[in-house]
Each structure stands twice: as C-alpha cells, then as structure tokens.
Amino acid sequence: MASLTPQVTTPAVPGTAPARPGRPRRPRVWRGVVLLLAAVYFLVPLIASFVFTVKAPDQGFSLDAYGEIFSAEGFAGSLLLSLGLGAATIVIVLLLTLPAVVAVRLGAPRWRPVLEVVCTLPLVVPPITFVAGISTVLRWGPDYLASTPFYQTIIAVQDPGFPIVLVLAYVVLALPFAYRSLDAGLGAIDVRTLSEAARNLGASWPHVLLRVIVPNMRSAMAGASFLTLALVLGEFTIARLLSFQTFPVWIYTISGAHAQVSVAVSVFSLLITWLLLLALSSAGARQRSGS
Amino acid sequence: MGDSRTGSKSRWAVVPLLVFAVIVFGVPMLVLLGGTFTREGTPSAANLTESLQGAYLTSLIGSVKISALVAVLGGVLGTFLAQAVVTSRFRALREGVLTASGVLANFGGVPLAFAWIATLGNSGVVTTTLGLGDHGWSLYNFWGLTLVYLYFSVPLMVLTVVPALDGLRPQWREAAQNNGASTWQFWRYVGVPVLTPALLGGVILLFGGAFAAYATAQAMVGSSVPLVTLKIADALTGNVLIGHENVALALSLDMIVVAGLVMAVYLPLRRRSARWLR
C-alpha cells in the first residue's frame, strides 16, 4: 500500500512491487475468517426462520404460514392502525421540525443549542421510562382534572380506534432522527441565498418555505419520513404498555397460538424494513449524484 | 443578518416544537419525578429506596451487566468486521455489508426475538437439526439474550466505526512503517489512540441500545432473566403490592440516571473524535 498513495513520490521501479517486507498474505486469512463467521452468524437466523415457516408437520414444504398471515384475526386492523399512526406521526414531525430547523439556520442561531438538547433527550431517555411517565399522567389526569375540559381531552386521546396519545409519543421518539436528517439536508443547500433571492423577488415567508426550500429538501424529508415510518411500524414498548393493538403488539399476541405465523410475520416485517431502507439509501444516492 | 425583525419572526418558528416537547415530553418526565417521591399521596423517598433493594436491585444490576457485556463484545466484533470490510478491495462487499448493517441495526423488537426462537429456541430449526436440546442448550437465559442482542449491536458498531476507520489515513501507516514500526506498534501507538473516541462512542451507543431494550427480552425470556425494563413493565401492568405502584417510576428514574451518566461520557468524546477524523 505504501507505494500507492500520491504523497510518496519514490520513483516506481518495475518489478519491485511484490517484494513488500512485513506485508505477507496473512491479513487476507483473518479477513476471510471474520467475514465467514459474520456471514454464518447473520445469515443462519434468517434462513432458519424461513425454514421454520415453510416446514409442514409431515416434513414437507408448504407456504401456508404466509397465507395464514392475511387471514389471521386482527392482521389487517393492526397493520392499518400502525400505518395510520405512522402517517400522522410523519405529518406532525415534519410540520414541527422543518420550520424550526430553517429558522435556526436563518434567523435564530442562538436557539440551536436548545433545539439540539430537545432533539437529543429522547435518545437518552429509554422509551420504557417515557411510557411510565405517560401512563402515570393518563392515570392521574382523571383524578385531578375531572371537572375541567382537560378531562375530556385525556379520554379522547386514548381512543383505541386511533390513539392520538401514541402519535404524540412517537413524534417525540422520531424527533432526533427527523432533526438530524432535515438539518443535514438543509446543510447541503445554500438556504440563505435561496431565501434572500426569493424574498427580494417579493415572496412571503410561507411561500419561501413551501415553494423554495421544501422542493430542495425533498430527499431529506423522504429520509426523515422513512425513518419515522420504520420506527412506528416496529415500536412495541409504548403501544403494549398503554394496551393498544398495533402491528408489533399483534405479532406478540398471536405468537402463543400460531408460532409459525408469528415467525412468518417477523420475516415479512424484516422485508418491509429492508425495502424502506433500500428506498431511503437510493433516495440519498440520487441526491448525491444530482448535486 | 442582524435584522431584528427577521430574528424575532424566526424565533416563532421554533416555538411550536418547543411547546410540543415541553408538554408531551416534559410533563410525563416531571410527573415521573414527582411520582417517584410520592407514596400514597405524601412525599417520601420510600419508592427510591425500595427500587434499590432486593429483586429490583438485582434486575438493575442484571440490565447493566448484560448491556456492558453486549457493548464490549459488540464493540470488539463490530470493529474487526468493519476493519475487514474497510481493508477489502471489493467495493461490492463494502456496500453490501453497510446496507445489511443499516437494516440489521434496525432489526430489533419482537420480530428479532421470534427469528431467534425459530432458530435456536427449544423447537428451533438449528436446535432440532443438531440435537442441541439433548446437550442442555437453552436460548432463554442470560447468554442466549446476549447472543440475540449482539445481532443488532454488531451492525450498529460497524456503522459507527466505518467512518472512523476510513479516516485513518494511509500516510500515517506509511510514516510509521518508514520509521520502522511493526504492525502491532502502528496499532498500539497510532491507530487505536486515534480511534479510541470513536470506539468508545460506539460502545456507549451499544450499551444504551441494550440497556433500553424491552420488546426482545419480553418476547423471548419473559421474566426468567432479571432485567429492569421487564420489572418496570411488570409494575406498570399492576404486578406490584397495593400502594407500591410508584416503584415503577422510581425504577424508571434509576434507569434515566444510568443512561444519562453513560451519555454524559459520550458527548464530549464525539467532539474529540471529530477533530482528528475529518
């Protein structure tokens, strides 16, 4: 490697390259061993899960478990609920984060540390402690606020058909990812010039945001949305402890009676995550090649 | 830029986010704090003392133990894997491993537990094929859980250290070699010291991930391994003595303190590693 980097300007003598003292083939061996072990460790569970789901009781092959997913009770309901929660979370998290990130970059840099802290805390605080706090608020609320309008609000946010309280909690969990993604996206474009040009041409601030900044941030916003969706589709702790039947909670609930189906759904949900993240990385690649 | 009109206007765009965070995140945290120091309506430290005794203390120590083990093992294995990928000449291998790491680092929760149960559980494919059950194998203990946690921790470590390893300039190695350093000496005096902040940062991230994990443990081991997250969930779902409900809040506070202390180590480190690795 020493003779390859441009900084080292020793005249290259043909024929001396193979004589590299102290760099035998040994590194190849450990690299091969490490990669092989990693491949075994990471692939075996995936393959074994698939085998587990297609193994029929009479030692045959059958894809019934995957068919049963769709007919299992509660599948459609819980998946739709999780997707709905995901959509609502994405909308709110973008509406809250985008203006804040733009404002901090353009006019109020002094607020950046505050924003950083607010968007880091949810990473430090484990979700289970967050849900401990939320469930206490929901339990105490009715005791202390029974005579105020807040009481109705607390009941309303816990509607099992569409639990707004989960959306609120997920927005908090998604804030760090959305903030990082949008801040990085904004760093890649010259916001100041763009917005000043638009302002000089007479555009209003909402107009600048919607027609100038947002179109330039499309892939960063897509990235934030994908991460949020993956987070909501996989979130178990908060939903289970507040007793809402979201998709991961449903998988857990059916595992007792239908072991094969629950493993099939697990494989299925890994595929969903895989697709989401592939979409995310290809969106990122498109932006890199575009700029 | 010094335009006070723009400044004051921009400030208003930050307000909704902050108000939201204060209400949705701040209020539950304050209630958590208040509840910790309240028992049956009167101020008291009884919850906190109870949370640091007996089975609760065991679970807290159990969580710290498994998280530390996962962090160290995952850190070492992840670094070796990352180094193997970074030094490889095959670009496709690198891209493939990084994409797979991105997916697997996010593969947590209930599905992860079920994938492993199907593999090495009592009636798992590998267990039955190799007849491991006859040799006393069980996935549902401390070591089984460690094995499963490493499944998302190692990829996370790979994602964290690959940029740092990329930042190790070949010129440094050449300079060391020209001065007569062996491979071991290069790593001992140049490579590892430069990488230390990034490596420690990654290890701390892994600790945090394993420490906060609840879904995998709940779906896999139930309560046969003492973990603080399982105890909190137990207490929240009513599995405590009457009047002792707030112990769940005290345990949560203990967790936040531990996680906060660990993170407090991480943040300055991140800044230090940014200086060398540009």
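All residue numbers here begin at 1 and follow the chain in the order shown.
Backbone N, Cα and C define each Cβ position, glycine as well.
Here TrEMBL flags A:1-25 as region 'Disordered'.
Per TrEMBL, the feature compositional bias 'Low complexity' maps to A:8-20.
Summarising the annotation, TrEMBL assigns transmembrane segment to A:33-54 (among others).
For A:74-102 (among others), the entry in TrEMBL reads transmembrane segment.
Positions annotated as domain 'ABC transmembrane type-1' by TrEMBL: A:79-280.
Through the fold, the transmembrane segment (A:114-141) approaches residues 100-101, 104, 150-151, 154, 158, 165, 169, 172-173, 175-176, 179-180, 235, 237-238, 241-242 of its own chain, all at least 6 residues removed from its boundaries and within a Cβ separation under 8 Å. Look at TrEMBL and you will find A:114-141 (among others) tagged as transmembrane segment.
What TrEMBL lists as transmembrane segment is A:161-179 (among others). The list of residues near the transmembrane segment (A:161-179) in space but at least 6 beyond its ends in sequence, with Cβ under 8 angstroms from a Cβ of it, reads 81, 84-86, 88-89, 92-94, 96-97, 101, 115, 118-120, 122-123, 127, 130-131, 134, 138, 224, 227-228, 231-232, 235, 238-239, 242, 244, 246.
Packing against the transmembrane segment (A:220-239) from elsewhere in the chain are residues 82-83, 85-86, 89-90, 93-94, 97-98, 127-128, 130-131, 134, 166, 169-170, 173-174, 177-178, 181-182, 184-186, 188, 214, 245-249, 252, 269, 272-273, 276-277, 279-280, 283-284, 287: each is 6 or more residues past its ends and has a CB under 8 Å from a CB in it. TrEMBL lists A:220-239 (among others) with the feature transmembrane segment.
Sequence-distant contacts of the transmembrane segment (A:259-280) (same chain, six or more residues past either end, CB-CB distance under 8 Å): 46, 49-50, 52-53, 65-66, 68-69, 72, 222-223, 226-227, 229-230, 233-234, 247-248, 251-252. Marked as transmembrane segment by TrEMBL: A:259-280 (among others).
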Contact set, same chain, for the transmembrane segment (A:33-54): CB under 8 Å, 6 or more residues outside the stretch:
61-63, 65-66, 260, 263-264, 266-267, 270
